[in-house]
């Protein structure tokens, strides 16, 4: 694999931007979710019993234990961590020097602290992926603040490889679990005929995708299996073009998911992991920068590589045709498809390839280690070489340990392979599991809503006779409301409402707390439903009664004349989800008591420290703005700032000067430096200022030595002439 300088810096910039979106998205929802009057007050999760701080951190690794020591309650401490994380990630997005290992360590610690308090109620596997990728950033990012240099080191290739391994685990497991779950829609290739209307929060384009013919939907499922199960093996290919082909396949899949569904920062995070498949040469190709062609590659070897690449792609296409019995259907003017293998055959295939997948990872990592070791050995100077070797040894050990521990969640996809792992590996995984360093993944395991999208609709009333529906900002409710576009913001309550609708109400204990808070008229919870409180039907006075019904939703169909319908959705009544309750109702009180949701403690006084007042002031400034608006604004401003900074640097370096044949090459180098500066503003510069300073210093020393040698030679010639 070629140099990874530019992809590595692109990766760090993207991770800083994703962290910013995650912290800001969570910050605007903390009062309603974890505030003192929220659905699940955070103070319930952290009981300050007077134990030593170390013991508290070991029981639950969260920085929120430090809240009382600085005069903050748990809710305010959570907001402070979010603000610190958002500010630090925004600064890292704008300033490359802050894309440092210590900065990413702080971001990871902040997000892990918030994750621990939630007890995974309003967090999901997407947050696990952010935590795991965020920890890898600690190993990938340079130690600028300590070492003072952002130059590329030999061990960067080794640590950056972990992103490729994580991407492989994510995609391969997501494809495998669709078939191991025995879901009839995935086996029947009809999953996408339901997916677009039954996913958590669809986008407007999901309606149009749902109208595509069935044969195309089934063919799309075949393509999904090929991209998620077969293509990931190309991540470790020694042939560069095969890796690039796998990269574009993954990008295609993620972009289609982004266009049809709102999955917050998950798809952006997956695209960021895909950068581990690139090299500097391909990024230069994007920038249309000329590259020097290597002439040491033989023609015969190049032709053999081309033939091998053609053979691999032909094998993938042939395997898809045979495995899914693809045939041209002239009657329907489409392509017919069906699953041509059985569950037993696929299970045998999985048993056959799981352990070889691990060995492929071992061989790929070994190659990266040997390559880095070779380049370390080529460093001039004993002390510099010894220091580089020491650094490589430390990061190589960390990489090997991360890879080893990740084998436990990866092998969950096949029971026999998991049982064959060494017990020591499983014990090591158990020791670090609470820190979310490695996780198991398997998205869209089963397709829900086959009989219609289940949706819970809450209704309120003052007299228990006339009922008014309570409409949420993002989830489907109003039949005429268009699906929203909120990526990368994650409306966590709307997501949990989707999960709650899939089962009975006792599987969502927090729902009783939601009903109680709405009956009490708590503003923080109401803002989770409608940021603009005036749009909430009971904003003047809380309802006296509440109830919830479950409906079945479907996308509407185009009219017979081909015109679009007036409504996006149609629905039918299904059943009662939550009975009619009021404050003090027996059923509501019993549910709150059963799940420990009754707050018996006396209300706590708000802290009046300067830090607490500053946190409350920031809250007052953003109050009234929706989460997606704040996230989009910050993301757009930071991207625009980086772009303008890059253009300004490029313009500054590209000032017109007198052109002479002798300096023509120098101008070409200047234009390339301008492109580098453009990338540098977004965290993607090829050469850092420190490296350039070192090279310039070395060049100056070489010139001085040459001048001294020339002077000595001239002096010797003069002495010779005098003699």
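We number each residue from 1, going along the chain as drawn.
Cβ from N, Cα, C; glycine included.
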Per TrEMBL, the range holding transmembrane segment, considering 170-188, 189-207, 246-264, 265-283: 265-283
Candidate ranges 129-146, 147-164, 327-344 [criterion: TrEMBL lists as transmembrane segment]: 129-146
Which listed span TrEMBL calls transmembrane segment, if the choices are 34-53, 54-73, 394-413: 394-413
Sequence-remote partners of the transmembrane segment (358-382) [C-beta within less than 8 Å, at least six residues beyond its ends]: 154-155, 157-158, 161, 164-165, 168, 233, 236, 388-389, 392, 396, 399-400, 403, 407, 410-411
Candidate ranges 12-30, 102-123, 215-235, 265-283, 394-413 - greatest C-beta contact count to the transmembrane segment (129-146) (under 8 angstroms): 102-123
Folded-back contacts onto the transmembrane segment (265-283), same chain, C-beta under 8 angstroms, at least six residues removed: 1-7, 10-11, 14-15, 18, 21-22, 25, 126, 129-130, 133, 160-161, 163-164, 166-167, 170, 235, 240, 243-244, 246-247, 250-251, 254-255, 257-258, 291, 487-488, 490, 684, 686
Top partner of the transmembrane segment (304-324) among 12-30, 76-95, 102-123, 215-235, 394-413 - counted as Cβ pairs under 8 Å: 215-235
Selection from 12-30, 102-123, 215-235, the stretch that has most Cβ pairs under 8 A to the transmembrane segment (76-95): 12-30
Secondary structure tally of the domain 'Lipase maturation factor 1/2 C-terminal' (437-579) (DSSP, helix then strand then coil): 34 helix, 34 strand, 75 coil
